[in-house]
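Asker: Pulled these features from TrEMBL for this protein:
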- 54-76: transmembrane segment (TRANSMEM)
- 105-166: domain 'MIR' (DOMAIN)
- 177-234: domain 'MIR' (DOMAIN)
- 240-296: domain 'MIR' (DOMAIN)
- 382-403: transmembrane segment (TRANSMEM)
- 423-441: transmembrane segment (TRANSMEM)
- 447-465: transmembrane segment (TRANSMEM)
- 501-522: transmembrane segment (TRANSMEM)
Amino acid sequence: MVSQPTFLADFYGINFTMLRFQASSSSFLPYSSHILSLHITDLHIILQTFGRIVLFTIVPIMLYIGVFFVHLQLLYRAGPHDSIMTSAFQASLDGGLASITKGQPLKVAHGSQVTLRHTHGRTCWLHSHTHVYPVRYPDKRGSSHQQQVTCYSFKDVNNWWIIKRPHREDLVVGNELDVIRHGDIIQLVHGITSRGLNSHDVAAPMTPQCQEVSCYIDYEIKMPGELLWRVEILNRETEGNIWHAIKSEVRLIHHTTGAALRYSGRQLPEWGFNQHEVVADRSVEHKDAIWNVEEHRYTKTQDQRERERQLLKAEMIPTKKTKLTFLAKFFELQTKMLWGTKQLDTHMYSSSPLEWPLLDKGIAYWVDTKTGSQIHLLGNIIIWYTGTAALILYILLNIFYVLRRRRLHFDLPEHEWHRFRQVGDIFLVAYFIHYLPYFTMDRALFLHNYLPAFLFKLLLLCYVFEHIDYLLRLYCYVNCKYNVKGTLQPQRIWLVRSYRLGILIWLVYVIWVFIKFLPLTYGMQKLSPQKVISLRWKDTWDFIIQVHKSTSNRI
């Protein structure tokens, strides 16, 4: 969010500074006859340049970081959508992931029962169930017909796995911990089905250039299980060589083929219950091949049925927060903001850039199921439409003036023409810089993406109002006549007064619309279905109507 405004500020600051260089420094440009009379030194120019760098770059960046600092200081409790953040981030919030990890051990060892979360990008957990891959895919490729392994976006008992040393038969944590370290070879046993995580030289269902990942079923054929995985801890500098729950980020490398366990980003069809595909990729340096242990407990019994009962009851209660520095949280938030929406293809409140100038679609942020109160991102439709009209009018006026000037008809004095063009250089160019790039983006977009461009459209609207007032005054005074007292009397002055009265009426209407839509802006009033319908001024607006306490409909 800070990049485009900062870029524009730097652009115009550099442009202005270069003009100053051109006009004032013999050391930078060869205009010595003009420059020496100004007595401006190189030091003065350097200080001016440094000041603009600070003002246009460092100050906005510090303000941006400061907003997030205040945000994280005030909002320290967990909310309903924290799952998009990493396990470490959630665990740093009051009532967050700590509400699931009561007293859980830190060190992962032989016999550890764990859930493995995909660390970066989409929130999902390594998952398996009793269903197997189909024998044949629609493209006629064959599969191993082994047990499916997926990445599931919800908490589920089938997300639990048990860490096992290859040379040991038991799955119990003994009196002395056999901790797992960087570089160790392990097996991952699915907690409910007791089958080992496996990969082999069989193409994955949706990503055939990668290997299939499955839980091994012994069909008594010549296809032995390849169940060994090497643990690579990626953040050893901060977490050490021992595998820790929550904070250690690990890559699991298949020992036989050297492929990394990876979330592919593709969705399985109905036979895979629309869960997400997990593959083994020989290109191991991939962000989607990073996992971390989220829930963790030690296996205390060798009995399979007792282990299943423990896993089914694996609900834990609050404990103390995990400490995470402000900068760690800040950079994680930036990563989620930059890359999170790229993985979002569709959304009920997404919109296209063509819908933004006329406010065809808003965004619902919150609804109270009891009172019908709701908060929507929805602009003032009067300002929105007037701003779009002003944008078009400015472009048409610009074309008109340019064509007239090419024919030596100068409708505006030189100083006013320079001002008119300068407004276009700043407001119009900035508007299109912030608006046009969205037409090239292949991801879900929302109305809030238009707000930086809308700011410049609003500034352009103010100038167009002023410019029309100037044209009317110019017309009246150009056609003025002498009255009986011998003084100049402007003609048709009523045009200026009528225009200003129209602006006043427009402003009153804007305020009235703002007040009318206050319930949707701040969500502080009860809204009946009739009231919600009365606020739906456009058929394309999606509001929420509470039919009764348990259900709601969009209109």
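Quick reminder: no glycine exception, Cβ is built from N, Cα and C everywhere.
A quick note: this is a predicted structure, and the numbers were derived from the prediction, not measured.
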Asker: Under DSSP, the domain 'MIR' (240-296) has how many residues in helix, strand and coil?
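Answerer: Going by DSSP assignments, the domain 'MIR' (240-296) contains 6 helix, 27 strand, 24 coil.
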Asker: Cβ under 8 Å to the transmembrane segment (382-403), counting only same-chain residues 6 or more beyond its ends: which ones?
Answerer: 357-359, 411-412, 417, 420-421, 423-424, 428, 431, 454, 457-458, 460-461, 463-465, 467, 506, 509-510, 513
Asker: List, by number or range, the same-chain residues at least 6 past the transmembrane segment (501-522) whose CB is under 8 A from its CB atoms?
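Answerer: Distant contacts of the transmembrane segment (501-522): 373-376, 378, 380-383, 386, 465, 531, 535, 543.
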Asker: I'm checking region-level scores; what's the whole-number mean pLDDT for the domain 'MIR' (177-234)?
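Answerer: Taking every residue in the domain 'MIR' (177-234) and averaging pLDDT yields 90.
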